[in-house]
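Worksheet for the structure shown next.
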2 protein chains.
Amino acid sequence: MLRLRTSDADFERRFARLVDDRRESDGDVARAVTDILHDVRARGDAALADYTQRLDRHTLASDTDWRIPAEDCRAAFEALDPTLREALELAADRITAYHRDQLPAERDFTDDAGVRLGARWSAVDAAGLYVPGGRAAYPSSLLMNAIPAKVAGVERLVVVTPTPNGQSNPLVLAAAHLAGVDEVWRVGGAQAIGALAYGTARIAPVDAVVGPGNAYVAEAKRQLYGVVGIDMVAGPSEILVIADGRNDPDWIAADLLSQAEHDPAAQSILITDDAAFADLVADAVDVQCAQLTTHRTARESWDAHGVIILVSDLAAESPVLANRLAAEHVELAVDDPEALFALLRHAGSVFLGRHTPEAVGDYVAGPNHVLPTGRRARFASGLSVLDFMKRTSFISLDAAALGRIGPAAIALAHAEGLPAHARSVELRLP
Amino acid sequence: MLRLRTSDADFERRFARLVDDRRESDGDVARAVTDILHDVRARGDAALADYTQRLDRHTLASDTDWRIPAEDCRAAFEALDPTLREALELAADRITAYHRDQLPAERDFTDDAGVRLGARWSAVDAAGLYVPGGRAAYPSSLLMNAIPAKVAGVERLVVVTPTPNGQSNPLVLAAAHLAGVDEVWRVGGAQAIGALAYGTARIAPVDAVVGPGNAYVAEAKRQLYGVVGIDMVAGPSEILVIADGRNDPDWIAADLLSQAEHDPAAQSILITDDAAFADLVADAVDVQCAQLTTHRTARESWDAHGVIILVSDLAAESPVLANRLAAEHVELAVDDPEALFALLRHAGSVFLGRHTPEAVGDYVAGPNHVLPTGRRARFASGLSVLDFMKRTSFISLDAAALGRIGPAAIALAHAEGLPAHARSVELRLP
């Protein structure tokens, strides 16, 4: 864990290094992914079967080797412990309600020049959702990715997920049933992303690919951006907690650890103006960490990437630092979180006040937990229904309207040296 | 020019080939761009000066070699012919009005569980806009890219543009003045995109990069996606005209040529149900093309990529074909364009009726002319203010609200094997 003080002489240099630290993958991954994608494009299902045998030790032969039937998902849902099923249903209901409110309005109006203008939104025909295997297979992620697609109106929603040694995760299947997923394919890695983008004999191509994954999956999405739509380039998760000294150190320590336990590359940062409180939080992190079943991951993350920044003036300094960090999650554990929030320009999601731990946002609050990481909140947003929709603008003129605005188009077309543009308007003028 | 009939036995095979034909760049470009970006990241301004000397034959030494002063842009605007200046102002006013209406609404509400939720939109701090040099330097493109950024509230808007042999385009400078561009740098190519993304000693980095360019520029944007936000991966322009036999063949021929004259790789497609009309259009294309100052480009595009598709039933067949093509521009030159428009799912922008040539959309209608190409209208939208903005979601709970939804979060966290997530909620429950 790194400790910084804004009053230190070398603070700016060390903070700048922190801001620039991306904790992300390198060129080797990119080259391997390029090869896999070429192979899937060329050989289709045969390539998928080869990679799945080698990487997941799962043989793709019969139909049920390839695909998990809808009945299995329903059965997994019905077998859930009732408390867990209700929790999943509450989460799904709240996520659905929040995302429904994101549906964009259509526009259709005629302006003073008599020109009818507008924009119509429509869903993509098909979307693919990557669900990691193993440790990172979260039913909550399935809901967060699938529900916006369904709310957007996507007709075909396809899950791809690796099933190492043939094992699938019943919680994920239950969530797939609840979210209304249409197909579940037992393929993972960059090869699964390639199959979604290019299509194979078995798997029809989709138009948009979303969902979390390892460095290979993230790189495959990046390389296929433009062939399909993608949600975003995602890196390791991160939290920034801005807390004054009047918090319970145990609460803040738990928040920092909730991020650290995700991934050894995850990052937890505390900004406070109280040195004694900072020490109490650091101690509480150590105590709590030892009690976690996830302590190895959490410890590794906190030791390698954890940061405590001591500032002199929380109100003045913390928004400036927060905007430079542009973190995925920002907690404002202070008396007047609104005042700080008003000064935040760049953040994926903000958690206001002492009773809003980030974990409620991961599961049940309603807003999406798929958020921009690695300073991408400077320009990117969390997942929404808009990631599964596209806008078609439209224009309609009659002869009179063309008479009003056409001459300006002709002047500009001639100035740009595009005579056919000008002619297409000139011919239609009276 | 290719002629197809849906009644031909091999139509499906030939149409599928047309749909899959991307007319885009290859791996050689990708490798060259990777090298240039590495170099700009490592050597900054020195790399920019080297590439600019070699590719643009322009020496970057003094401040005015690097940057075109604001006074020069204002002088270019004031020197415009009055007709042209009025046309540019009309275009800017109409583009501004249309894009203002795109500004997203803030959300802030408290739901039945007492949970306050919302989303706040904000502009990126800085945006970069690529403006090609030479033939493709269009003042209209500058307006279409710059105005949405300004309407979004971007504080720093930076233009990069190559000035081959030191020559800049006065029309583009005039448009930069009109649109309120803050900086104009005399660099182009992939190296300029690298400078915008990484920053150099002279050029501060930006958060989003937009604008058209050649294959190197497009590939640089693709490779830097995630380091900065980008508008989209753009390919050659295309138009699909759906026209019955009751159109003036000259009008439709001019529309097809207005796309063809942009670029030898541009594509113009006509779908009609009238074989005699198709012949008249083909003849008119030949006659008009010969008269154009752009005839070489238009001829090359029409010969290599032009298509006329004859269908038996325009109302039934044309929307199906149009949705598969997912074209950038779609003209509906029929009596009842609404009926066809209702069946279109995938199109960048639609031009309704016989008096709406696509060229009015290029210049003065108001909607953006930066639109998804190469079938990307299946999942992507035209440029809008949202490309320069990002959404920060927020969540605020008090103890009572946490008591209502917290237990479900705890159940899900335990099920996912994330005990610190559970603990961060448990500690705050009464």
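Every residue, even glycine, has its Cβ placed from backbone N, Cα and C.
Features reported for this protein in TrEMBL:
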- A:E328: active site, proton acceptor (ACT_SITE)
- A:H329: active site, proton acceptor (ACT_SITE)
- A:Y130, A:Q191, A:N214: NAD(+) binding site (BINDING)
- A:S237, A:Q259, A:H262, A:H329, A:D362, A:E416, A:H421: substrate binding site (BINDING)
- A:Q259, A:H262, A:D362, A:H421: Zn(2+) binding site (BINDING)
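Structural mapping of features recorded in TrEMBL.
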residue	record	DSSP class
A:Y130	NAD(+) binding site	strand
A:Q191	NAD(+) binding site	helix
A:N214	NAD(+) binding site	coil
A:S237	substrate binding site	coil
A:Q259	substrate binding site	helix
A:E328	active site, proton acceptor	coil
A:E416	substrate binding site	coil
A:H421	substrate binding site	helix
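For A:H421 (substrate binding site), the spatially nearest entry among the recorded positions A:Q191, A:N214, A:H329 is A:Q191, judged by CA separation. When the binding-site residues A:H262, A:H421 are compared by the number of other C-beta atoms lying within 10 angstroms of their own C-beta, A:H262 comes out lowest. Within 10 Å of the C-beta of A:D362 (substrate binding site) there are 27 other C-beta atoms, taking all protein chains into account. Residues A:Y130, A:Q191, A:N214 make up the record's NAD(+) site, and a Cβ search at 8 Å around their centroid adds A:P132, A:V160, A:P162, A:G188, A:G189, A:A190, A:A192, A:I193, A:G213, A:Y216, A:V217, A:A220 from the same chain. Long-range Cβ neighbours of A:E416 (substrate binding site) (same chain, at least 6 residues apart, Cβ-Cβ under 8 Å): none.
Candidate recorded positions A:E328, A:D362, A:H421 yield A:D362, A:H421 as lying near chain B, with Cβ-Cβ distance under 8 angstroms. In this structure, the binding-site residues under consideration are A:Q191, A:N214, A:S237, A:Q259, and the one with the smallest number of other Cβ atoms within 10 Å of its Cβ is A:N214. Here the CA atom of A:S237 (substrate binding site) lies 12 Å from the CA atom of A:N214 (NAD(+) binding site). Applying an 8 A CB threshold to same-chain residues 6+ apart, the list for A:E328 (active site, proton acceptor) reads A:S237, A:E238, A:I239, A:A347, A:G348, A:S349, A:L371, A:P372, A:T373, A:A377. Comparing C-alpha positions, A:Q259 (substrate binding site) sits nearest to A:H329 among the recorded positions A:Y130, A:Q191, A:H329. For the pair A:D362 (substrate binding site) and A:H329 (active site, proton acceptor), the C-alpha distance works out to 10 angstrom. As a whole number, the greatest separation of Cα atoms within the NAD(+)-binding residue list A:Y130, A:Q191, A:N214 is 12 Å. Residues A:S237, A:Q259, A:H262, A:H329, A:D362, A:E416, A:H421, recorded as binding substrate, reach a greatest CA to CA spacing of 56 Å. Of the recorded residues, A:Q191 (NAD(+) binding site) and A:H329 (active site, proton acceptor) place their C-alpha atoms 31 Å from one another. With a cut-off of 8 Å between CB atoms and residues at least 6 apart in sequence, the same chain places A:S237, A:E238, A:I239, A:L240, A:Q259, A:A347, A:G348, A:S349, A:F351, A:E358, A:G361, A:L371 near A:H329 (active site, proton acceptor), listed in sequence order.
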